[in-house]
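Accompanying notes for the structure given below.
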Amino acid sequence: MEAHQFIKAPGITTAIEQAALAAANSALANAVVVRPFLSHQQIEILINLMQPRQLVFRPEVFWNHPIQRVIHNELELYCRARSGRCLEIGAHPRSINDNPNVVHRCFLRPVGRDVQRWYTAPTRGPAANCRRSALRGLPAADRTYCLDGFSGCNFPAETGIALYSLHDMSPSDVAEAMFRHGMTRLYAALHLPPEVLLPPGTYRTASYLLIHDGRRVVVTYEGDTSAGYNHDVSNLRSWIRTTKVTGDHPLVIERVRAIGCHFVLLLTAAPEPSPMPYVPYPRSTEVYVRSIFGPGGTPSLFPTSCSTKSTFHAVPAHIWDRLMLFGATLDDQAFCCSRLMTYLRGISYKVTVGTLVANEGWNASEDALTAVITAAYLTICHQRYLRTQAISKGMRRLEREHAQKFITRLYSWLFEKSGRDYIPGRQLEFYAQCRRWLSAGFHLDPRVLVFDESAPCHCRTAIRKALSKFCCFMKWLGQECTCFLQPAEGAVGDQGHDNEAYEGSDVDPAESAISDISGSYVVPGTALQPLYQALDLPAEIVARAGRLTATVKVSQVDGRIDCETLLGNKTFRTSFVDGAVLETNGPERHNLSFDASQSTMAAGPFSLTYAASAAGLEVRYVAAGLDHRAVFAPGVSPRSAPGEVTAFCSALYRFNREAQRHSLIGNLWFHPEGLIGLFAPFSPGHVWESANPFCGESTLYTRTWSEVDAVSSPARPDLGFMSEPSIPSRAATPTLAAPLPPPAPDPSPPPSAPALAEPASGATAGAPAITHQTARHRRLLFTYPDGSKVFAGSLFESTCTWLVNASNVDHRPGGGLCHAFYQRYPASFDAASFVMRDGAAAYTLTPRPIIHAVAPDYRLEHNPKRLEAAYRETCSRLGTAAYPLLGTGIYQVPIGPSFDAWERNHRPGDELYLPELAARWFEANRPTRPTLTITEDVARTANLAIELDSATDVGRACAGCRVTPGVVQYQFTAGVPGSGKSRSITQADVDVVVVPTRELRNAWRRRGFAAFTPHTAARVTQGRRVVIDEAPSLPPHLLLLHMQRAATVHLLGDPNQIPAIDFEHAGLVPAIRPDLGPTSWWHVTHRWPADVCELIRGAYPMIQTTSRVLRSLFWGEPAVGQKLVFTQAAKPANPGSVTVHEAQGATYTETTIIATADARGLIQSSRAHAIVALTRHTEKCVIIDAPGLLREVGISDAIVNNFFLAGGEIGHQRPSVIPRGNPDANVDTLAAFPPSCQISAFHQLAEELGHRPVPVAAVLPPCPELEQGLLYLPQELTTCDSVVTFELTDIVHCRMAAPSQRKAVLSTLVGRYGGRTKLYNASHSDVRDSLARFIPAIGPVQVTTCELYELVEAMVEKGQDGSAVLELDLCNRDVSRITFFQKDCNKFTTGETIAHGKVGQGISAWSKTFCALFGPWFRAIEKAILALLPQGVFYGDAFDDTVFSAAVAAAKASMVFENDFSEFDSTQNNFSLGLECAIMEECGMPQWLIRLYHLIRSAWILQAPKESLRGFWKKHSGEPGTLLWNTVWNMAVITHCYDFRDFQVAAFKGDDSIVLCSEYRQSPGAAVLIAGCGLKLKVDFRPIGLYAGVVVAPGLGALPDVVRFAGRLTEKNWGPGPERAEQLRLAVSDFLRKLTNVAQMCVDVVSRVYGVSPGLVHNLIGMLQAVADGKAHFTESVKPVLDLTNSILCRVE
């Protein structure tokens, strides 16, 4: 039934209070700070004037005009923020030094009061020149100011501001002055009181006293201690009435800001001013009442500035309105003047009841009271007269109308029809009055005044107009017009070249001269010692640099500086251009910012300026707090000793490498010429020129190769250590040395080039004679089963057919091993002799077979795929090859990845040569062949099974065979079905093949192998080389028998397929089934079609297929090909069929899978049967699944059909799995925390947080009022009164709520999803542009079967199957059903745990059909977003915790900006949904799918077990893409609403977000978005923050939140079964694992962020240690449920 209208909301008061508190906090955060000391009356005036702005009073200064100055400062901030670089008119002297954005100031020569202002002006800075010129009558010292006034100056500027300096100029004068300046916009602050529109008099309002004598007006505010404003009345009236200026200098005047009668006018030059009527005083609080009897003679004994009394009196509007309402509604008999006087006296008293002002009152003079009573009485009398006359005349008119005859009525009907402009009663015209009549009124209300007047500019006089017409006439006659009256078009002043504020100037800006510093300079290292110390260089390098002197030759051309640095016997070249990339020793990138006109350079924290001087080149260095100047004399220095230079270079290289290994972010890579050079520490475009062509950049810091060394020590171990060369040197090509004799070829050389036809006979004719080397120093480390070997030693000792060189991309000579190859085989680098290329690798046969392989440069980018390809490209050959570890030298590829890549990509018989460092690594990580240990129990059970088997006819061959305890070594090649495991076996590798079935035996025998079934093979496997195919499906006792009897055993099979079945049900098979670990996995299948691969990718995550068949699975079609059934009982009903177990290992072109009802238990208990059935075909498979058995294990057509319907494609994408690792116990500080008492730890936690034991187990919160939607609930709301819990402590630190109660579900439904949604209709472009800071434009996204597999895998992991995925039929309710569940966990809090007034949390689950429809798209969009995230931005959980912690630790000088949304899901509306749809459209999602998503999200029904809610908008936590779109919306709000300074790291997950920066501020467009969407942001900015269960401490890292984790344990029920206690132990153990290395740091940081003692955190860690050891103590308690929902009323209908 519908009952939402009967639900009261006692909790609404709390919600209103919270909303009011949030509004107050927001207002205070944006309040105006009032600094002067004020009286109580001044405070009231200021509060009323500044409404609705919040004021914060911090009195600290005394001001002469406090009210005006506060208003002035506020309007000044507004004007300066919008004007930018501008011209200022009449600037106050005290503001000159504070506003550098002003390019010119116009002053008048000081007279009177202005002289006093100049005497108190600052005497330093720019104000000093202005002060000196103003007081001494001197001309302006520079062009930043003038003393000619605004109208007498012509300095060009596009924008100007005038703060209370235009009161003595009319709008027309200002328009002409703006034209002379070329100004298009002028912000003018003016004081325009409405009293200037009235006749002369003295007017007193609540804020000020105004004296008006008809010519001048003087205004003095309350509390002023000096004279007030004094302005010309006619000008003020012009500014109030004028909205535009016409003539030759047109402009429009718009009031853009007002505080009381202080206005900011925006004057904009416009060619055609349009009407702009405006109401100047809509918030006026005074009404001006006219005095009937004007004053006569002298008003007082003492003369004043005004010779007359006021003819109008300012009366509070509320007094006049109440008086008129009272008098107009009095009875005729009761109306009299005395009664009006009595009422006026009553409402003139101020009445206050407590803090409530019941009557504001009015403190009036006797003249004002007399005038008000007189005016009110006469006005009411006149109105009563009008009322009487109107009724009387109206009655007579009615009598005449109804007495008309037919002819008169017909005449009126024919000739007096009403038109469109007819208004009933308007044509009667009972009464008309004149403006000067007494009946015209006695008061003026400024609230209804409307002005729209235009003022003509003064340049168009009558004579000027006549002469202009005459000129035009002369032009018409063809005469030259010499009219001097025409205004100068485009007058922009005579000095526009040096004015940056004027953008429309036609004068080209003058370019500053660039000083030329070309020449030769001497750079001693001693001159740069302070810089070295600021760079934190080691003392050794500083000392060595101090002993060196360099000569730097500088050439400067077109903003580019080229330097040639001569340091000892080495020459370096650098090129300085703007934007040049600087080499770094970490992932951070630096670009050089170079401005030749300003002679500055900067990059990162380093900057310098240079200038030519008489003494040479003067350079100023700024780095790390250092400000150092050095002067380098011109000339040439003597050369430094080569040994000293080499030692310096080597020490510098070691320092760079050390910094590279230990730095997370990195710094500049310091080159020699970067430290001993003019522009230290920059060295862009670094090139070292060497006379030796073999000594490239890589040998700058190492020993240079020499021909003598190569000849005398051909087997030098370190020849193969360095893998890659760098950029080859620019030196000229020298004379080539004779190659050394290479090793002898293989006894059986390859007949042809690799993968090529037979080469020409002369291909190797030029090769020298090949002889064996006499000395062999290599050491064998390991031999693989395929014959491959790993050696420690030199590559050139190998006798393999091919040698592999670590080359560069251009295959040119370089350093390291490449240099050694060039010394021995220089002809091998001739590109013309390359016989083949495979990818980046090049093959050559001259002078011997060599492969030039190219590894990736890990200094630039980590590219594992390229590393794999580097080895794979060397396998297109015949014969064996000798490899180095590619990339582990100069390119800095780690040893492990390079070795693993070689293991996966080599051919049998190949050799790998390791240097000593890599050899030591290999010996520590030596691969071992797996072993199987047969225990006595296993042997005894296997022998029992053999005895039982030997008693049968099949197993007679096993009689007498026994399994003995021992260790068996084996090789197990596992792979996906159809991967070619069997085809990889050759007859030369095996003597006997053992297979489980006759079909497989026959297949092997057809290939020429001696194949046997398991039982008969017992006679022939003794001492033979045995291959066991489909090993996991062999009976385990026979498998153990053959493995133990064979000389070598090679297992083939798939661990995921059907294992051995215990047909006898004796229990022996599972008892002795061995645990075999594959030694290698093959993931490429040549059998499976693409859809099969994706459907069962959950069992084979890395599977790939070579099949070109995209879709092969079909439902509901006739049977084709081989029929497969699951049970023997189904075979008679399907003639020609075989069971899946019998078909294992077989391959068919077409198959039909028939699932019968008797196979339900088999399929549910063994998903392997379904996998085998699906993987037997190569082209087509028809599934006949009447009982729906395969659908129950996730195999159905609905998922596939919906996937292709949504635009999915078959293909491969990057998997969404993020690699994670467990931290090593390198600093095991957790071991110092012994287990502690659980009770004491929780009691100390309660004491610190202020929580106390509570007598209730749960709370039913009040149900809020349903504001939108329809609620349906059952007639009975039954609840339980108590709850039984197994708890760790009786003190709970979470918000308590009852998850299982019907009333709790009801309150959660209404509270979370029944509130009013604030809609916001606006364009998404601004928010999307802001979001582009974190998520750039995404572009089309491809949805592939990889995302479909991940979706199916996630469903299977959650225990779901495909039965809930239906065909997309929107008429079916099950397709679009959204179910709702109450969440059983609550949020940790340090505040109130019971009386929090918060409703529970819920989970809304979309239908599995919609999840399968949208899920792949959202996964693909998420991958695209992750690929585009900038450095330092972390999304959701898609990162390793150690990476995030390292990024936080690197941001040492940052603060933590932390935001927490309130009601994040509830406030999402049409705008956030529109942003989601806009991003979906940007990614290429089909339009019908976007519209369907918008429809589902905009109107929905949440279906709880017994309740339902029909609502609109909001966000549901269980819908697909919840984390994705919540995180995107969070990113959009944060980046649109806030600007961050020194941004370092940002992390977003759902509604949680942090940003590490030095400062933040709210962006200009934030208020519009926050107010439009009703967002509730709770921002905190502190040194340490909280985010997603971790404590974020800049400079230290992300640390586990011990207090929060321990607090959440107190709320859960850990019973009644032991499995809950085990879950607790595992969860605590996982959490403690994160504390392994940071436990002590957590104690210090977590205690600080929560404000608790470090001893508490220490005690909590000890308590968690005890729980992880299984020593947790649980207490069973029975507590009542606190029901606060008594206000829920239910009506039975």
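Here the Cβ of each residue, glycine as well, is placed from N, Cα and C on the backbone.
What Swiss-Prot lists as region 'Methyltransferase' is 60-240.
Per Swiss-Prot, the feature region 'Y-domain' maps to 241-439; the stated evidence is similarity to another entry.
The disulfide bond annotation in Swiss-Prot covers CYS434-CYS481 and rests on similarity to another entry.
According to Swiss-Prot, the feature region 'Putative protease' maps to 442-509, an assignment based on similarity to another entry.
Sequence annotations record features per position, and here Swiss-Prot assigns region 'Zinc-binding' to 510-691.
Model confidence over the region 'Hinge' (712-778) stands at 37, taken as the mean pLDDT rounded to a whole number. Residues or ranges marked as region 'Hinge' in Swiss-Prot: 712-778.
Residues or ranges marked as region 'Disordered' by Swiss-Prot: 732-768.
The compositional bias 'Low complexity' annotation in Swiss-Prot covers 754-768.
Among the features that Swiss-Prot reports, region 'X-domain' is placed at 785-942.
Feature annotation from Swiss-Prot assigns domain '(+)RNA virus helicase ATP-binding' to 934-1082.
Here Swiss-Prot flags 960-1204 as region 'NTPase/helicase'.
Every protein chain considered, the tally of other Cβ atoms within 10 Å of the Cβ of LYS981 (ATP binding site) stands at 22. Among the features that Swiss-Prot reports, ATP binding site is placed at GLY975, VAL976, PRO977, GLY978, SER979, GLY980, LYS981, SER982.
What Swiss-Prot records for 1083-1216 is domain '(+)RNA virus helicase C-terminal'.
The annotation region 'RNA-directed RNA polymerase' is assigned in Swiss-Prot to 1207-1693.
Per DSSP, the secondary structure of the domain 'RdRp catalytic' (1454-1565) breaks down as 41 helix, 36 strand, 35 coil. For 1454-1565, the entry in Swiss-Prot reads domain 'RdRp catalytic'.
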Count the other Cβ atoms sitting within 10 Å of the Cβ of GLY975 (ATP binding site), across every protein chain shown.
22
Pick the one among the binding-site residues PRO977, GLY978, GLY980 whose Cβ has the fewest other Cβ atoms within 10 Å in this structure.
GLY980
Which residue among the binding-site residues SER979, SER982 has the fewest other Cβ atoms within 10 Å of its Cβ, if you could check?
SER982
Helix, strand or coil: which one is SER982 (ATP binding site) in, per DSSP?
coil
Three-state secondary structure, VAL976 (ATP binding site) (per DSSP):
coil
Determine which residues of this chain, when GLY975, VAL976, PRO977, GLY978, SER979, GLY980, LYS981, SER982 are set aside, have a Cβ within 8 Å of the centroid of the ATP site's Cβ atoms, and list them as they appear in the sequence.
ASP1054, TRP1082, THR1085, HIS1086, ARG1087
Tally every other Cβ atom lying within 10 Å of the Cβ atom of VAL976 (ATP binding site).
28
Tally of DSSP helical, extended and coil residues in the domain '(+)RNA virus helicase ATP-binding' (934-1082):
52 helix, 28 strand, 69 coil
